[in-house]
Each structure stands twice: as C-alpha cells, then as structure tokens.
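Feature annotation from TrEMBL assigns domain 'PdxS/SNZ N-terminal' to B:12-216. Summarising the annotation, TrEMBL assigns D-ribose 5-phosphate binding site to B:D28, B:G157, B:G218, B:G239, B:S240. The active site, schiff-base intermediate with D-ribose 5-phosphate annotation in TrEMBL covers B:K85. Annotation comment: TrEMBL describes B:K169 as D-glyceraldehyde 3-phosphate binding site.
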Amino acid sequence: MRTLTIGIIALQGDVAEHQNMLHNALDNLGLKGNIIMIKHHGSVKSCDGIILTGGESTTLSSLLISEGINEEIIEAHNKRIPIMGTCAGMIVLAKEGDEQVKKTGQYLLSLMNIKVKRNIFGRQKDSFETEIDVKFLDRPYKGVFIRAPAIVEFGSTVTPLSYMNNVVVAAEEDNLLVLAFHPELTNDTRMHEYFLNKVLDLIENK
Amino acid sequence: MELENLKHGTELIKRGFAKMQKGGVIMDVTTPEQAKIAENAGAVAVMALQAVPADIRKAGGVARMADPEIVSSIIDVVTIPVMAKARIGHFVEAEILESLGVDMVDESEVLTPADDQYHIDKTQYNVPFVCGARNLGEALRRIYEGAAMIRTKGEAGTGDVSEAVRHMKQIMGEIHELKGKNKEELLMYARDIEAPSELLLETAKLQRLPVVNFAAGGIATPADAALMMRLGSDGIFVGSGIFKAENPEIMAKAIVKAANNYDNPKVLAEVSKGIGSGMKGTSISTIPQEESLQIRGW
C-alpha cells in the first residue's frame, strides 16, 4: 500500500493535537502516513486528505486568505480530496454562516451545504464535555464542545451523523466531514480512523 | 440529550480552550472600537482592560479589575473570546468577571495584588485562568492551583521584550534540564524549585508544560512576536504594543502575520516595513526595582 499524505492546516489552533491523533490512528489502522504541516501555499496539492483544526475561526479565515491557502483547498475539494473540519474548521467549510459570521464579514470557504451557528451553546463557561452518539460508531464518543458551533440547516446531500438537542454536531457530504467538537482533545482515535478510511476509499475508487 | 449529562469547567474543557488560542495573538483593548480593530486584524482573543499596562504604570496608585461596563461593552461587539484581568488572590473579582461571561480570567501581576500569600483557587471556576510565571516552579504552582494557561510575566507596559525573553528561556531551560534525570532526581528537583512533584514528573515526560505557554510582557513589534515564537512560545499576548503604536491597525495586522511567519525573515521584513513607530516604551534598566510588576506573585 502506498504512503498517505495528510496535510494539517497549521495556521492557528490545536494543530499538534491533531498530529498526535493522526499518528495514532495511522498506527491503529496499520497504515503508513506522511503528515505535513501546512502554513503557506504550495503544499496542499500533494495531500490525499486535509484537516482543518480547531482554533478561532475568524483568525483562521483571515490567515487562509493572507497565506493563499484558501484557493488551494477549494481546488482540492473540486478533486474530491477528503477534508475534515473540527469546530472552527467546520465553520470555515460551511456555505453559510449566522449573523455573527455576517456581522464580522468573515470569509468562508463555502464548500459544504450547511448553515452553521457559531457559539450556539454559549460562551466558554458554558462549554462542556458529554457522551454523544455518532451514526457510524457502535459506542458513544466523548464530545468536547468548546465555544462550539452547530449545523442549523443542511442540504439534502448532507448526512447528519450526530445530534445534540435539536442541532447537528457532526455531518458528512461526499468528501467532507465536519465535527462541532474536538476529537483531537480526547484519546479516542475513531474519528480520525473514520476520516483515514474516507481517504483510502477515495484512492481505491480513483 | 439530557442537560445534566453535560460536564462544564473540567480540566479538559479549560485547557482545551487555551489550546484553541495556540499560534495566535491576544491583544489588550480598552474600548469596543479597539476590540473591533483587534478582531479585524486577526486577534484570537482580546483582553478587556480599563487602561493598558503602560498607562497603569504611568498612573501609579492601586490598579484593579476593569469596570464591568467596559468589559460587557467589549463582549457585546466581538465574536472572538474576551479575557479580563483580576488582581492576584482577588477571588471575588474573578467571580464577577466569570458572571459577566468573560471567556478567560488573567490573574495578573499588572494589577495590584489583593493577597500577598495566596493566589486564587482556580479549580473552583468554570471559567479558565491564565497566570504569569518567571520560572518553572512558579508556572507549575499556578497550574497546580488550576491555571489552564501560562504566560511569561515579562515586564508589562515597557515595550522592552528582554524580560519576556529571560522568563521564556528560564522556563524552557529548566524543562530541558529535566531530561535524563531519574525519578529520584526529579523529585529532588521539584523540592528545590518548590513545584508540585506530580506536575514536575509530567513536565519531564512531556518535555513541555502540561498547559499552553504564551509570551507576554513587553512585546511591541512583529520582530518581538517572532522572537518569542522562535523561543518556543505557543502564542503571544500584546499589551500596550498595539494601541500605543503610531498606527494600531497596521501594527496589529503585522504582529498577527509575524506570529504565523516567525521562521521566515523575508516575510518578517515585509510585514515590518513602513508600519510606523512602535510604542515609545521604557528600558528595563531605568525602572527601579520597587516599580517592577513581575515581582508580584510568588
């Protein structure tokens, strides 16, 4: 089997945590992987999969543009390269934001047919962890929600994977996987393994 | 989903919040207008204050928590997290800030300490705390009390980065020293630096602090920010350096760009061009010992 190249957009946020989880997930699946940190334009096109981390989505948005990475991610998406976005990464992948996004004129990559609402559960003191059910998992997953967003509307091509109250906190649309919570802050590699399997599927079906 | 199954304010949630700030720049602001400028420039958070440290230093007297009206008005206008400072040991100020919805409390030596023996028991809050430190022992004592983020103390309000450099090198140097020591030696080291032993063992194993470690206190230019990142900071606090600069908007953007391109001198040269003069500042060597802020806290 060939070595997978997974790029982590390393502009801001919990990049090292995603890197650790990816290493562990690759090991668990018995895969060989090359994890690259993307801080500047030029290396997105060599990736078989891309991860957009948690962080501050407004900062992430402006750095994506100023480093010229935004267009490269859109190109990768057009080639159906799997992209996983967690928390801020989910916001940036959305087609539509809420009034907070509009008010700040925040840039979105606009790739996924979802409408997100930022900080839907409140401010940091309202942040929480809880066990959630996820469609493709046989046991619950520890959802770590930090000033988390959620999906409030989605298109017919989107598959919701997990609900919290009445909103969607994990979803999938073709090559895109978005999570409102932070799998990289847990020790549970199942989300990253699911993502790596998406990457494998795409390569095999090419 | 049943609401009672939600766990708030856990160590994971508090340290996790701090991790989301990594690689970012947190800016001191005193008005909603400044907060907007910071947000537009790409700040990951703002620190809401009554006055920036340079002005606190100049004014003298007792420095306290900011007026809640200022804090609330800043919370209202930005979507990024808002932090605010409480005096060392002043757990009521911290409770007030938490009730306002502040996302992180800075138990800060920039304000006049309210307790000369005890820091706030930060484990009792849902809101995470950041605390200043000058060395590894101090950092681990703060983490033991519940701090979810550490920052160097530096010397706030001076625009002189040398103390932040000293504190970052001190902490990093002590962590490197732990390498190769056996458990017995590590426990001895913990006693020597008055650090909780469990945390010291964890730090030795991780070869870094168990929480995020930012640089603060005297950072005034893009080059300063890049310098601190090169020394291993997880991110940057800029206090007076933005709004005491000639052109705050340009300075704010330049420092954000520098924090992301800290290892690229060409980009740093580009972002440092024509940004106007930085804050005037005060050289550390001219500040009498009794006016030093970093010696507050222990």
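Backbone N, Cα and C atoms are what each Cβ position is placed from, and that goes for glycine too.
Pairwise Cα distances among B:D28, B:G157, B:G218, B:G239, B:S240, which the record gives as the binders of D-ribose 5-phosphate, peak at 12 Å. Neighbours of the D-ribose 5-phosphate site: apart from B:D28, B:G157, B:G218, B:G239, B:S240, residues of the same chain with C-beta atoms within 8 angstroms of the site's C-beta centroid are B:V52, B:P53, B:A54, B:V110, B:A156, B:T158, B:G159, B:G217, B:I219, B:A220, B:V238, B:G241, B:K244, B:M279. DSSP assigns B:D28 (D-ribose 5-phosphate binding site) to a strand. Put simply, B:K85 (active site, schiff-base intermediate with D-ribose 5-phosphate) is 12 Å from B:G239 (D-ribose 5-phosphate binding site) when counted between their Cα atoms. Nearest to B:K169 (D-glyceraldehyde 3-phosphate binding site) in space, judged by Cα atoms and limited to the binding-site residues B:D28, B:G157, B:G218, is B:G218. All chains included, 30 other C-beta atoms sit within 10 angstroms of the C-beta of B:K85 (active site, schiff-base intermediate with D-ribose 5-phosphate). Secondary structure from DSSP puts B:K85 (active site, schiff-base intermediate with D-ribose 5-phosphate) in a beta strand.
Comparing C-alpha positions, the residue listed as 'active site, schiff-base intermediate with D-ribose 5-phosphate' sits nearest to B:D28 among the binding-site residues B:D28, B:G157, B:G218, B:S240.
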